[in-house]
Amino acid sequence: MLYPRHIAIIMDGNGRWARARGLPRIAGHKIGMEALHRIVHHASQMGLEWLTVFAFSSENWSRPESEVNHLMGLLKLFIKRDLLDLRDNNVRVRVIGNREEVPADIQSLLDEAETITQKNDGLNLVVAFNYGGRAEIVRSVKKIAKSLANGTINIDEIDEAVFSKYLDTAEMPDPDLIIRTSGEQRLSNFLLWQSAYSEFYFAPCYWPDFDERQLDIAVEDYWLRERRFGRIPDYKKEKLL
Ligand code: FPP
């Protein structure tokens, strides 16, 4: 059976969950934060190595200012409230995305979350914050250009493995399974390079309703997949023409 090492989640549908109940969108984000709390615990208990969650995209800044402020506030609340619990449950927090553009108080909280949990060797919880796949690739290209200019690497050394080391995800395995809630079936600029061979699972429910059982169902669905990475399995036994 195929166990995923790395699951990445696009937590979509908070706004629609709230609207369907006649509530303001921010109520959906708040309940979404509780869903995140439960899923992190469950992932940790199931022995998953890597869980990446798309918490705030580089495109999310274009939402109304009040909603952006609320999402920032929820991230602060999540870190302040859950950090010691994560540390004590052997979860290591890592953050990907462009941290330089993030407000200073959030930057220091993200730094603190990484520092306090850095000795943990259980679940790696990767928070994609102010993250966009294209922007990440452009940042990597700039870093490579600098390395070329200062002679740290030479052009013939650059291959896919070397390129991967310049991404925010340098130390991480690629996601085996990408889950998106809310029924939408697109990647929305999430882990563009890293998802080359990922399996996808689209859950019909909105993120606030995604619970432990839903995660189990997604993993069970993944068990049935046959991953070929572009190859033909057992091709020597098969008649090719
Ligand atoms: C998508 O719902 C979700 C987000 C933009 C952010 C995810 C945020 C959380 C799960 C809660 C907060 C947690 C942290 C740690 C920041 P949407 O607003 O796009 O929903 P819609 O598509 O129905 O409008």
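In case you wondered, yes, glycine gets a Cβ from its N, Cα and C as well.
Here is what TrEMBL records for this protein:
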- Asp12: active site (ACT_SITE)
- Asp12, Glu199: Mg(2+) binding site (BINDING)
- 13-17, Arg25, His29, 57-59, Trp61, Arg63, Arg180, 186-188: substrate binding site (BINDING)
- Asn60: active site, proton acceptor (ACT_SITE)
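Annotated features, which come from TrEMBL, shown on the structure.
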| residue | record | CB count, 10 Å |
| --- | --- | --- |
| Asp12 | active site | 23 |
| Gly13 | substrate binding site | 25 |
| Gly15 | substrate binding site | 21 |
| Trp17 | substrate binding site | 24 |
| His29 | substrate binding site | 21 |
| Ser58 | substrate binding site | 19 |
| Asn60 | active site, proton acceptor | 16 |
| Arg180 | substrate binding site | 23 |
| Leu187 | substrate binding site | 16 |
| Glu199 | Mg(2+) binding site | 19 |
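Of the candidate recorded positions, Asp12, Trp17, His29, Ser58, the one lying closest to Glu199 (Mg(2+) binding site) when CA atoms are compared is Asp12. The distance from the Cα of Leu187 (substrate binding site) to the Cα of the residue listed as 'active site' comes to 11 Å. Rounded to a whole number, the distance between the Cα atoms of the residue listed as 'active site, proton acceptor' and Gly15 (substrate binding site) is 13 Å. Reported as a whole number, the C-alpha separation between Gly13 (substrate binding site) and Asn60 (active site, proton acceptor) equals 14 Å. Classification of Arg180 (substrate binding site) by DSSP places it within a strand. Taking a Cβ cut-off of under 6 Å from any atom of ligand 1, the recorded positions Asp12, His29, Ser58, Trp61, Glu199 reduce to Asp12, His29. The Cβ of Trp61 (substrate binding site) has 12 other Cβ atoms within 10 Å, all protein chains considered.
The residue listed as 'active site' has none of the recorded positions Ser58, Asn60, Trp61 nearby, counting only those with a Cα within 10 angstroms of its own Cα. The residue listed as 'active site, proton acceptor' carries a helical DSSP state (H, G or I). Between the C-alpha atoms of His29 (substrate binding site) and Asn60 (active site, proton acceptor), the distance comes to 13 Å.
Taking the Cα atom of each, Trp17 (substrate binding site) and the residue listed as 'active site, proton acceptor' are about 18 angstrom apart. Secondary structure at His29 (substrate binding site), as computed by DSSP, is helix. In three-state terms derived from DSSP, Trp17 (substrate binding site) belongs to a helical segment.
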